[in-house]
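Student: I am attaching a structure below and will ask some questions about it afterwards.
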Amino acid sequence: MNSISASAIVLWKNTPLPFVVKSYPMSTLTTDWQHLANLALADECLSRDQARAVLQAPDTELLNQLAAAYRVRYHYWGNRVRLHYLLNAQSGLCPEDCHYCSQSKISTAEIEKYPLLSQEKILAAADRAAHLKAGTFCMVISGRSPSEKVFEQVLAAIRAVKERYPLKICACLGLLTPEQTARLAAAGVDRVNHNLNTSENFYSEICTTHTFRDRDQTLANIQAAGITTCSGGILGMGESDDDVIDLALFLRQRQVTSVPVNFLIPIPGTPLGEQHTLNPRHCLRILVLFRFLLPRQEIRIAGGREVHLRSLQPLGLYAANSMFIGDYLTTPGQAPHQDWQMIADAGFVLEDPEGRAIAP
């Protein structure tokens with residue numbers, strides 16, 4: 001060893017480092033997450049303690065959790081991503097007091113308020129959905145339940161869209177009777193959405209003008225009519241981990257087909273306008289839990305994706321297999337070309353209405 005290199009070594013050894021590199025042991029939980037994936041693949045339900053462990057795991061376990069969730073997602077859905085397009089077909093003026101909603105009677109948020117759109121405008125929105133490569137066109141109207149006049153107009157719009165486009169149609173119309181769900185089935189609707197939003201235990205904290213059981217009865221009416229159900233929740237409203245688990249378990253018991261996972265967008269003028277409790281890592285853990293507890297279901301990253309997942313949006317697709325493209329009810333979404341690029345960059349492909357893979 002020459003004198004220069006020896007001196008350099010002595011200098012290096014005697015020079016204090018400006019920072020300390022902390023050593024972390026290799027994960028001891030990776031096998032546990034894979035065990036949970038095995039349970040999901042065997043259609044076995046996680047215990048409550050196992051579900052809590054998913055939500056309460058340290059951030060250092062997040063990639064291991066996502067890897068386990070992706071095994072389940074890939075088993076049932078491959079690397080395909082379903083796109084849904086949302087139309088706010090009737091906005092505002094709702095008599096309900098849902099604390100999260102900018103369209104409720106107690107909201108002072110500045111939003112557009114309008115009656116049901118004309119069939120021409122609904123068809124124009126369906127055309128945009130098709131051009132954005134969405135497989136499902138979601139028609140949403142504000143209000144507790146539709147009047148007979150509005151309901152007839154919605155049925156006519158459903159028929160018109162089905163005649164012109166290969167899109168699947170999901171209708172979100174509020175509380176529905178058995179007679180109304182039977183008429184929706186006859187009109188050719190593919191799916192009806194009615195979100196439970198949170199657990200039964202927490203429900204009275206976010207709404208007092210109707211109950212969790214009112215919403216569940218609508219789901220029962222939809223299923224009795226032979227229509228597939230879409231129902232999920234809004235996370236980040238102040239609920240506990242057990243409330244999140246209870247919601248997912250109830251959706252599993254109800255055997256819903258499609259599960260939108262919304263993350264609260266705190267809108268000024270609503271009672272939850274200052275509610276800021278989520279971070280991107282916890283949102284991803286919620287998606288992992290929903291995949292473990294609802295392994296066969298379509299899990300959709302819905303409202304709040306851009307706000308809460310931010311730069312980690314692509315990671316959500318390792319647990320979820322579906323997302324909205326375009327705007328939400330009263331808040332903007334990410335530009336469609338950014339969504340397509342994100343999907344392609346992550347190595348996923350789109351799914352058309354018939355379940356075939358297409359390029360983003």
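Cβ atoms are placed via backbone N, Cα and C, with glycine included.
Keep in mind it's a predicted model, so treat the numbers as computed, not measured.
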Student: Cys138, Cys170, Arg300 bind [2Fe-2S] cluster according to Swiss-Prot; which of Cys94, Cys230 goes with them?
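Tutor: For [2Fe-2S] cluster, Swiss-Prot names Cys138, Cys170, Arg300; of Cys94, Cys230, the listed one is Cys230.
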Student: Tell me, what is the mean pLDDT of the domain 'Radical SAM core' (79-305)?
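Tutor: Average per-residue pLDDT within the domain 'Radical SAM core' (79-305): 97.
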Student: What is the interatomic distance between the Cα atoms of Cys170 ([2Fe-2S] cluster binding site) and Cys98 ([4Fe-4S] cluster binding site), given in whole Å?
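Tutor: Spelling it out, the Cα of Cys170 ([2Fe-2S] cluster binding site) and the Cα of Cys98 ([4Fe-4S] cluster binding site) are 22 Å apart.
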Student: I need the CA-to-CA distance for Cys94 ([4Fe-4S] cluster binding site) versus Cys138 ([2Fe-2S] cluster binding site), whole Å please.
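Tutor: Cα-Cα, rounded: 19 Å.
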Student: If you take the centroid of the Cβ atoms of Cys94, Cys98, Cys101, the listed [4Fe-4S] cluster site, which other residues of that chain have their Cβ within 8 Å of it?
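Tutor: The answer, listed by sequence position, is Glu96, Asp97, Tyr100, Ser102, Gln103, Ser104, Lys105, Ser107, Ser142, Cys207.
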Student: Starting from the Cβ centroid of Cys138, Cys170, Cys230, Arg300, the recorded [2Fe-2S] cluster site, name every other residue in that chain with its Cβ within 8 Å, sequence order please.
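Tutor: Near the [2Fe-2S] cluster site, the remaining chain residues are His84, Thr136, Cys172, Arg191, Asn193, Ser258, Pro260.
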Student: Between Cys138 ([2Fe-2S] cluster binding site) and Cys101 ([4Fe-4S] cluster binding site), how far is it from one CA atom to the other, in Å?
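Tutor: Roughly 18 Å, rounded to the nearest whole number.
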